[in-house]
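K.L.:
Input: one structure, supplied below.
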Amino acid sequence: MASPRGTAKFYFAPKPKPSAPKRSIIHQPPMETTTFDSAYQRAQMLYERSRWSEAAEWFQRALEAEPNHPHSHAMLAMCWIQDPTTLDRAVGAAQRAVALDPEDSHLFAILSIVQMDSSKPGQYLKRKEALASAKTAVQLDPDSDFAHAAQAHAHLRLDQPREAETAARTALSLNPDNTMATQALSAALLQLGKREDHRHLIQNQLTENPDDDQAHVSAGWQALADGRHQDANNHFREALRLDPMNEVARSGLVESFRARSFIYRWYVQYCQWIARISGGRTTAIMIGGFIAYKILGTTLKQFSPGLATALMVLWLTLVLWSFLARGIGSALMLKDRFARLALQPKEKWEGICLGLLILLALTFAGLTFVPNVVAEPMHALVLFLAAVPVASAFSNDHHIGRWIYAALAIIAAGCALIATPSALVMFQDAPGASLAAVALLIGVATTWLTSLRILFA
């Protein structure tokens, strides 16, 4: 069975934000001297308005007045975590807060969030450290809903949706209004394919606060999972209207545009089905499916070679579909002027590169039916398989693996594009055959590397 490599990537965990008093504030320039209380209060107000850089400045001014105030260090870390250029400083500030008060559960929960959000995809040891910090927060105060919510967030980022669901439900049992726990529970239920539970959660969210952008994000993902791409599009647009800086909503909007392609829409449904039957263990299902395919194929060869060939074609179709469906959706988005506005440059290049490879592959597939043209199904297969590492390279966020997959994609696509023109003359020529073999080998290897999550995140 082909692995739904993108299941975990459909749903994004928003960055948690510890609550602070909400008051109106008129921004004033920093004073030459200020008391700790006034600086800390102003910093909190700016933080609640998501004015991270200004809030960080005022937390620093508060620390000038009282250098050993742990919560100022912790909130400064939460400001710095919003800026990629200050990620390392954020971890240092959070660790300083914990060092000043090692018995404070709240500080360990913030440390967990900062450690998790500063880690790069594929840095599992750092993410396990974040989980350990969250567990310490829970041990220090088992009745802290914030600590349990931080643990749910950590489990979610470690692709442990069942554990995330348990921690999030515990947090909500302590405080039903904990938005971070609600968001973590929503993402966990989606990954586990628990549609009814998730629909009930969304209904409660929208009933209690119809102007909550995160509630609309959750509703959008659920609509997308149900195959209602237009409803999903509406929810994501509403979320962006409420918070134009919501990156999760923008990503969801892009997914809803991709889902206008029935190929990609079926792929989303397939991923949801796998999530429901596997309980989050998609890799085990994939390996079991492949073993079953090999056993069945070997058996059919003895009795009906034709059925064995049909099974192989079906398997290849399923594998290629699971890897290329997203690329097809991205390519189709390029035709829509409004949809293009939601794309980032990387997503546009994904649509261009995969669209060209797939179009060329389909062209060669069509040429096999044209008389007097030297074209075979193998020519199209080379291009289709060369598109697999290209698709994986664009969807890989692993801090090391993305460069390796990009190199494999360039080699595979280059070999395929050089080999296929010569195929119209004579595919069996030595250079063309060798290059095609390299593209095929890389394509097949990438399906396994990606499915087994080797340097892929």
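Positions of Cβ are set from backbone N, Cα and C atoms, glycine also.
Caution: TrEMBL annotation is automatic and unverified by curators.
Quantities reported herein were computed from a predicted structural model and do not represent experimental measurements.
Pulled the feature table from TrEMBL, pasting it below:
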REGION    1-22  region 'Disordered'
REPEAT    36-69  repeat 'TPR'
REPEAT    213-246  repeat 'TPR'
TRANSMEM  273-295  transmembrane segment
TRANSMEM  307-328  transmembrane segment
TRANSMEM  349-371  transmembrane segment
TRANSMEM  377-396  transmembrane segment
TRANSMEM  403-427  transmembrane segment
TRANSMEM  433-456  transmembrane segment
K.L.:
Run through the repeat 'TPR' (36-69) and tell me, per DSSP, how many residues are helix, strand and coil.
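P.N.:
For that range the per-state counts are 27 helix, 0 strand, 7 coil.
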K.L.:
Using a Cβ cut-off of under 8 Å, list the residues of the same chain at least 6 residues beyond the transmembrane segment (349-371) that approach it.
P.N.:
324, 326-328, 330-334, 343, 377, 379-381, 383-384, 386-387, 390-391, 394-395, 413, 416-417, 420, 423-424
K.L.:
Any idea what the model's mean pLDDT is for the repeat 'TPR' (36-69)?
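P.N.:
Summarising the repeat 'TPR' (36-69) by its mean pLDDT gives 91.
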K.L.:
Within the repeat 'TPR' (213-246), how many residues are helix, strand or coil going by DSSP?
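P.N.:
Across the repeat 'TPR' (213-246), the residues distribute as 27 helix, 0 strand, 7 coil.
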